[in-house]
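Features reported for this protein in TrEMBL:
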- 27-48: transmembrane segment (TRANSMEM)
- 54-73: transmembrane segment (TRANSMEM)
- 80-97: transmembrane segment (TRANSMEM)
- 103-122: transmembrane segment (TRANSMEM)
- 129-149: transmembrane segment (TRANSMEM)
- 155-176: transmembrane segment (TRANSMEM)
Amino acid sequence: MSYNQYQMEPQPSQGSRMALTPFVRETYRLFLFGLLGMAGIGAISYNLIVQSPLFALVGGLFSLIMWIAVCFGWRRPTRVVLPLFTVATGIMMGWLGHMYAQVFLPGVLLTVGAFSGLTLYAHTTRKDFSYLMGFLWSSFWVLLVGIILNLFLHIPFLSLGIAALGAVVMGAWILFDTSRLLQDDGQRMTPGEAATELLLDIVMLFRWILRLLNQFR
């Protein structure tokens, strides 16, 4: 179904702020399927990484390549990108399970809570968070410089600050992308593209939360 078809569906009245249009419902359906797929593949990957060095190497490279491609804007065709991204992220979850074993479950709970709260806020207020774009891009460069510096300096407080800022920035991205999803409502994005954006947001938030929790171990 093309995204133009969603514009032909009846839209909810303005008085019903929590009503979801067909486009938004389809986006969150794909998003939830993506999360379930990542969880399932992550559980398999967690065991295979230990049992098969070849899987660990090939899976790690595949995950890295897919993440670079998606972060640099690869979104279409969504029937190819979304499944591949789900598999790649599931493999990455297996790695994260080993790297952050002691904080993995608390990280999951905090991420789900934060994402749900921010999503609920964006849906109930229907605010336009496009004004966050300046903050998001400036924060990207701050994080990049901080990460590069910390590769050489290894300052614990700098690591803590980077992780905290990263989590805040991803929270802002969730507000921004959820707002854009509601404002766009299928005019320019497909449900698959919108779901990919949200999956990217929640996984990146999870990674920063893991790093933050790891600083307090």
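Here the Cβ of each residue, glycine as well, is placed from N, Cα and C on the backbone.
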Outside the transmembrane segment (103-122), six or more residues from its ends: residues with CB under 8 Å to it: 96-97, 129, 167, 171, 174-175, 178-179, 182, 201-202, 205-206, 209-210, 213-214, 217
Whether the transmembrane segment (27-48) meets the transmembrane segment (155-176): three or more C-beta pairs under 8 angstroms: no
